[in-house]
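A.B. asks: Can you read through this structure? Questions will come right after.
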Amino acid sequence: MALRLGRLGSDPWWRAVLGDYAQLRAASPRCASARVCQLPGTAGPQPRRGLGYGPWARGGSGLGTRLAATLAGLAGLAAAAFGHVQRAEMVPKSSGARSPSPGRREEDGDELARRCSTFMSSPVTELRELRRRPEDMKTKMELMIMETQAQVCRALAQVDGVADFTVDRWERKEGGGGITCVLQDGRVFEKAGVSISVVHGNLSEEAANQMRGRGKTLKTKDSKLPFTAMGVSSVIHPKNPYAPTMHFNYRYFEVEEADGNTHWWFGGGCDLTPTYLNQEDAVHFHRTLKEACDQHGPDIYPKFKKWCDDYFFIVHRGERRGIGGIFFDDLDSPSKEEAFRFVKTCAEAVVPSYVPIVKKHCDDSYTPRDKLWQQLRRGRYVEFNLLYDRGTKFGLFTPGSRIESILMSLPLTARWEYMHSPPENSKEAEILEVLRHPKDWVH
């Protein structure tokens, strides 16, 4: 399957809603429901310790601010969702999703309940509604992101062996909600967050105008445009300098016009940020993503790999945030079903692309010098997120935004030193060379 790139571009809208990399804990008085999660499929006492503290575990005060953050998140979606500069498209484009066979249901009631029992929490959408529309893309995507969250959390908790995920389920007054899972200060992971969000409502007139400016003709009814946005996102910061940071995000968005016509698209990506370069790890990560992409077309991986290298560029440093991966947005072809299958395949590649690398290095010995370099590289991670990530910038400059949610993608610790430069031909200099000149890792 061929793939074509056109004009349009990045994904600030989703991070504006989710607080960058889906870390939003939007709030209403009903959303302070944090708990320590026992992973699905486990029973009895666990050797890990629960983390029932920190901003994710507190309710009570500040609910007015949290409600404002929810509204700011919607404003973020409206203002940023449609400011793209690039677009992904798999061609040829068909007229839409395949029609389901008469009487066919993706899940019967018992099977749906079984699937949901493996999630970190019950779905945002009520089960009766999911059963009512089994072939609707909103149902398929919500179940997929819930499964992805559970799979990633289960894998990370197993690797850590000490800390549990705190599960924070929140509801959005205007419609929808989400589940934020956080593991912090564990044995292996300094900070790991895996979050899903399913929100819906009406786009503002400002958002509609920005979307029209992008070339989409939208017909409003009573000045309203119903929308649905959902996705899963994660950022993972291990403690060991030889275990890399990883981020992924997969999302779906649709807007319904007055005449019933729906505009829809998918976006997402997965990227790796090592402190020290390990050629074998880089090849494994990129090869796993390439194998996922190749199931849907031989031209997809190289285009999305380049898009990732270009997006995660720290201009003032002249280097990338990491060694890349894949990145795409506004994917609306060749059909809704095929685009969904592609996104699902990519999401399924998250655990096999990353967890073996963490297992390999989580117990590596390291020196104070290694840890210092990790902290300096974490500083670069912070610089990109605060200075260049559109969703983060929008949230920080939006009155009433929930800062804890916006900054949750940042590591617990980072460092800056004046005029720091690693010795020539050192292992620190080796990673800088790759960050300044991206490599082809799979050929």
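Residue numbering: from 1, along the chain as shown.
The backbone N, Cα and C atoms fix where each Cβ goes, and this holds for glycine too.
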A.B. asks: Could you check Swiss-Prot and say which of Lys93, Lys290, Lys371, Lys393 is marked as N6-acetyllysine?
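C.D. replies: Of Lys93, Lys290, Lys371, Lys393, Swiss-Prot lists Lys393 as: N6-acetyllysine.
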A.B. asks: Would you please say which range out of 11-47, 48-84, 381-417 has the annotation region 'Important for dimerization' in Swiss-Prot?
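C.D. replies: That would be 381-417, per the region 'Important for dimerization' entry in Swiss-Prot.
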A.B. asks: Of the ranges 182-191, 232-241, 272-281, which one does Swiss-Prot list as region 'Important for dimerization'?
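C.D. replies: From Swiss-Prot, the annotated region 'Important for dimerization' range turns out to be 182-191.
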A.B. asks: Just going by other Cβ atoms within 10 Å, which of the recorded positions His247, Arg251, Lys393 has the emptiest spot?
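C.D. replies: Lowest Cβ count within 10 Å among the recorded positions (His247, Arg251, Lys393) is Lys393.
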A.B. asks: How many Å separate the Cα atoms of Lys393 (N6-acetyllysine) and Tyr250 (coproporphyrinogen III binding site)?
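C.D. replies: Between the Cα atoms of Lys393 (N6-acetyllysine) and Tyr250 (coproporphyrinogen III binding site), the distance comes to 20 Å.
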A.B. asks: Including all protein chains shown, what's the count of other C-beta atoms within 10 A of the C-beta of Asn249 (coproporphyrinogen III binding site)?
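C.D. replies: There are 24 such Cβ atoms around Asn249 (coproporphyrinogen III binding site).
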A.B. asks: If you average pLDDT over the region 'Important for dimerization' (182-191), what do you get?
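C.D. replies: Taking every residue of the region 'Important for dimerization' (182-191) together, the mean pLDDT is 95.
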